[in-house]
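K.L.:
Take a look at the following structure, please.
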Amino acid sequence: MAALNGLVLLLLTISAMFISECYSSGESQSIQRKGQCEEVTCHRTLNHLGVAVTSGCPSGCLCVISAPDSAVNVNGTCYQLMGSTSTTTSSTPSSEDQE
């Protein structure tokens, strides 16, 4: 019985170590920047109405700022947004529709 308890404890420990390794390796990987957003810095400032606005990222990029929402006059980094492929279909009227 003691051997069975030891085996269960060993399996639980190995499982916990494996899960911990999976989560820690995922957190250490950074987001890859590429294309038009690479090496681009964006800014959050106040406009003439006192509203916080972001600027500086090209079209198709997202400005990510690692500061609280209440902070203004801070810099961020531009990241490429994921694109999606959309398909459109068009139909031509048949001879039956025209009559």
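A Cβ is built for glycine as well, from the same backbone N, Cα and C atoms used for every other residue.
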K.L.:
Have a look at Swiss-Prot and say which candidate in Cys22, Cys37 forms the disulphide with Cys61.
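P.N.:
Of the listed candidates, Swiss-Prot names Cys37 as the partner.
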K.L.:
Taking Swiss-Prot as the reference, Cys78 is linked by a disulphide to which residue in Cys22, Cys57?
P.N.:
Cys57
K.L.:
What kind of secondary structure is Cys78 (disulfide bond) part of, going by DSSP in three states?
P.N.:
strand
K.L.:
Enter the number of other CB atoms within 10 angstroms of the CB of Cys37 (disulfide bond).
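P.N.:
Result for Cys37 (disulfide bond): 19 neighbouring Cβ atoms inside 10 Å.
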K.L.:
Take the C-alpha atoms of Cys42 (disulfide bond) and Cys61 (disulfide bond) and report the distance between them in angstrom, rounded.
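P.N.:
Cα of Cys42 (disulfide bond) to Cα of Cys61 (disulfide bond) measures 10 Å after rounding.
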K.L.:
Do you know offhand how many angstrom separate Cys63 (disulfide bond) and Cys78 (disulfide bond) by C-alpha?
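P.N.:
Cα-Cα, rounded: 5 Å.
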K.L.:
Measuring Cα to Cα, how many angstrom lie between Cys78 (disulfide bond) and Cys37 (disulfide bond)?
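P.N.:
Computed Cα spacing between Cys78 (disulfide bond) and Cys37 (disulfide bond) is 5 Å.
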